[in-house]
């Protein structure tokens, strides 16, 4: 398993021969200190569907009864099942070998490690702090974003206490540097310049959680601002007022829109339904009255609370799982085999066409929530961009629906937030610095007021038993078990608030495919990273709690991780939007209401149950698939070109060797021809004296002297009688041309040479040259000729 583990990841419990019922894959299931890891037995690789981080697990069910399926017999039907439900739309079921302790060991480990008692028990704190490299602290990055909004350059010094920021209308205050003003707000705030720090303290007492109105985004050109806060504490009769709060809110729109001094409009947006706002009055909350705030108008958007959102997503998840091509019921095709208990027919969609109506209702309910957020944010952006009005947004606490609307409106107004660096700045500003309760929404521990650890006691989940859900009809009712039948990872305050915001961005990506630098795949990986709690950026509930826990300095940074992923693939990485055109969309995006009809986000909601269909109609996915094939083709082309170049170089080398061999062969041929001519001349000279010539050449490669052995045989007389004298031989040696110097002084003959004169050898002008020899330095053994006894019998009668 070491090959599949991450750094500092350790195996706690393990089961072998486990079957992932969704795709019938067999393998090894391991519980580590970070995730539930499933490794295929046949493929020897990690199966993504069966691998889920522990903090992404929402529920566990260890007593699942599987209904008989047409393609399974009773003997082959698994009997020990464990159901895991994730916050990422995943429902998976593992089948263990019966009559073993593997299932109990895995389930006990999951119950213990999916609900850690302390924040520091999370995997994010398991790394060595000395290996963490943080270029900038979150406070410094927030300050840099504030300077960008003011269109000013940030000083090089990182001493935040020495940096001042202000203009004619707004200023940066550090009144909350010790979080005494508001514990869930950042240490630096942008407020109207006319408001003193004392006014801020007085105004904070009138808002829920002391989350007073502050500026989130401002337009230096028009003077319009986008502000956020929590609900005012007006009481049941809406008769409580606060002068400091009214002064602060009115200061948000103090600057006029033109030179004539016409007043600027102020919109107060309450994200809740009006009835919910009135109901909060019984608890001391409520909403503003436009009569108490000059030039203001109060509007309600009707966005539901966190509990409604959680239940709606649960119903959507159940239906998508039950009717997907890959389902947790273990069937290869849910379209043909999934049926409800009352109508187990073979018609499409669970035995009756009423399931289509159920799906339309389930999908429509979720999409209606998405549309409400989109419409509200678009309306806010339109009033600021077209009317130059200021807008104050709040809900009950000002950290869920308020964050969704403000962050989405900023994304529509400012093109910078539609880039990678801008998206990071937007998330760190409106989600992290302004205190979205990530710990509560994801169900992980955080730090208490005194710096210790706290974990809210988990209550029974409001989602209900899975077996009673219409989408879970394939699973039987839960029976008695020694363990808790349903184990919840999240508290009653869990809710998919961040998921909804990213869903809205995916809808804008569909409407404006060239307006965003990042792709839908980036949004999916971003959300997966947040849910995994692998990094310290999104732990705890506020900036203050992250400082107390040391999450920033002790845990790895998610932004660096995502940046490294992009760097690994270059500009063709799937996080990049290939259609991005910053020139085309360099201003605000103001979609008309008719275009704000959302569709299901397939890359996220369908990736586990319909993997092929989730990428089928996406232009980005098609482009990246084509680009991947193109990259593979280019890689193959480069390899082929390299091989061709290597072969060409080898051919050139062989060609040069052949040319050298050809020149050597030509030289040898010329030498042989010259030697042949010389041999013929010598043979002719010797035969002229009546001798028979026989040549032989030395085979010794080191001896470069050619030896000519001449055998002289006596002739016979007319009577055919042989002479009494035997045969005689003459040996003539010749040296190669290359071994003889061309200098005349180097040529010499034997002392018995009859042609030698006092002046020495006169070769090639000597009479001996008349022999016609082409060799330089020819040595003839003339002494042998002198010793010849020539008799008369050698010659015939005259």
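For all residues, glycine too, the Cβ spot is worked out from N, Cα and C.
Where the annotation comes from TrEMBL, it is an automatic prediction and has not been curated.
Copied from TrEMBL, the annotated features are:
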DOMAIN    150-605  domain 'Myotubularin phosphatase'
BINDING   280, 281, 282, 283, 305, 306, 395, 396, 397, 398, 399, 400, 401  substrate binding site
ACT_SITE  395  active site, phosphocysteine intermediate
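With a cut-off of 8 Å between CB atoms and residues at least 6 apart in sequence, the same chain places 184, 211, 230, 434, 435, 436, 437 near residue 399 (substrate binding site), listed in sequence order. Confidence annotation: the domain 'Myotubularin phosphatase' (150-605) carries a mean pLDDT of 83 in the model. Local packing around the binding-site residues 280, 305 was summarised as the count of other Cβ atoms within 10 Å of each Cβ; on this measure the leading residue is 280.
Neighbour list (residue 397 (substrate binding site), Cβ cut-off 8 Å, at least 6 residues apart, same chain): 208, 209, 211, 230, 231.
Under a cutoff of 8 A between CB atoms, and with a sequence separation of 6+ in the same chain, the neighbours of residue 395 (substrate binding site) are 230, 231, 270, 271, 272, 303, 401, 402.
Of the listed binding-site residues, namely 282, 401, the sparsest Cβ surroundings within 10 Å are found at 282.
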